[in-house]
Amino acid sequence: MDPVHADFFAGGAGEERTLRANVTAYDRLRIVPRVLRATGDRDLRITLFGTGLATPVLVAPTAFHLLAHPSGEAATAEGAAAAGTVMVVSMAATQPVERIAEAGGPLWFQLYPQPDLAFTEHVVRRAEKAGCRALVVTVDSPVFGRRERDTRNGFTDLPAGLACENMRDATGRARDIVMDPGLGWDRLGWLRTVTGLPILVKGILHPADARLAVEHGMDGLIVSNHGGRQLDGAIASVDALPAVAEAVGGRIPVLVDGGIRRGTDVLVALALGATAVLVGRPVITALGGGGAAGVRDHLRTLTADLDHVMALAGARRPADLTPDLVAVAR
Ligand SMILES: Cc1cc2nc3c(=O)[nH]c(=O)nc-3n(C[C@H](O)[C@H](O)[C@H](O)COP(=O)(O)O)c2cc1C
Ligand SMILES: O=C(O)C(=O)c1ccccc1
């Protein structure tokens, strides 16, 4: 991979404190296993918004897959489908959602609501028609994070010949994605009138915002700091999870992403109140190294690792994972 693109994928905002914290937070969380629970074989299947999944590990929305592999997002979709899980297609995907959907599903579509409402509605319609089963609205990006690796490398845009294919308007031109500092809950209310798809808000860290998400009729939320790429210094996502899960109180599914690398990380996240987790950078690495098969194998390996550590912790199903199984190391 071009080192400039590798830096784009790997990097975070500012000092990269939050990027690191997402991973190191899991180092401080220890599992308090149960024994003699006679769990037998594990069953990792979950159902989200009516879709049955083989695993509680989903693919997070990430931009520009054609920079990682010549088969791009289509290969990621094929790999996720083979592993029996959801791929969240980024609004900054480098292939059309229709083509990605041909390669595999189930898909959800990630949206940065654009100030141009008619255009936003057009993008939503495309995602719906392509068969996407939920919308993931990213709300942690009122402005674009400052990623200093990209600044140093002079990486500002996609190379010639590549574009955000789902940003094409009626004239066929691919528009730039606008980060909108004017985005508020009213716009999510508007979006609700535009689509019948389930809507998840991505980028919740504060329990008060989690309560607002429920009050505004959101169908799910994702505890996330955008993989440390937006607000450097933001709380690690797994550290924010318990208070958010408590505020939601089981009314809607709570998902989490950021720093999930091992089965034990998934176990801890589910125990602290997540219904499912999403994985970002490891999927890009797997895509770059092995295309669709790489993505499939990565997701299967992570799921097998989860299965293994659940056996060791005395849990049969994701629902068996409760907060008492996690202690903070001193
Ligand atoms: C290269 C890259 C591109 C990303 N692009 C998007 C995006 O287009 N939309 C979005 O909502 N999140 C985006 N994210 C954030 C991810 O969805 C996710 O929150 C994060 O990567 C999870 O952390 P992890 O990489 O440690 O697993 C991106 C992350 C990376 C690393
Ligand atoms: O890099 C990102 O994290 C991201 O969200 C993004 C959004 C738009 C274009 C490119 C990347």
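Quick reminder: no glycine exception, Cβ is built from N, Cα and C everywhere.
Just so you know, TrEMBL annotations never went through curation; they're auto-generated.
Per TrEMBL, glyoxylate is bound by Tyr112, His226, Arg229; the candidate from Arg146, Arg147, Arg192, Arg262 named for the same site is Arg147.
In the shown protein chains, 18 other C-beta atoms lie within 10 A of the C-beta of Ala63 (FMN binding site). Checking each of the binding-site residues (Tyr112, Arg147, His226, Arg229) against Asp257 (FMN binding site), the C-alpha distance stays within 10 Å for His226.
Spread of the glyoxylate binding residues is 19 Å (greatest Cα-Cα distance among Tyr112, Arg147, His226, Arg229).
Counting in whole angstrom, Arg147 (glyoxylate binding site) lies 15 from Arg281 (FMN binding site) by their C-alpha atoms.
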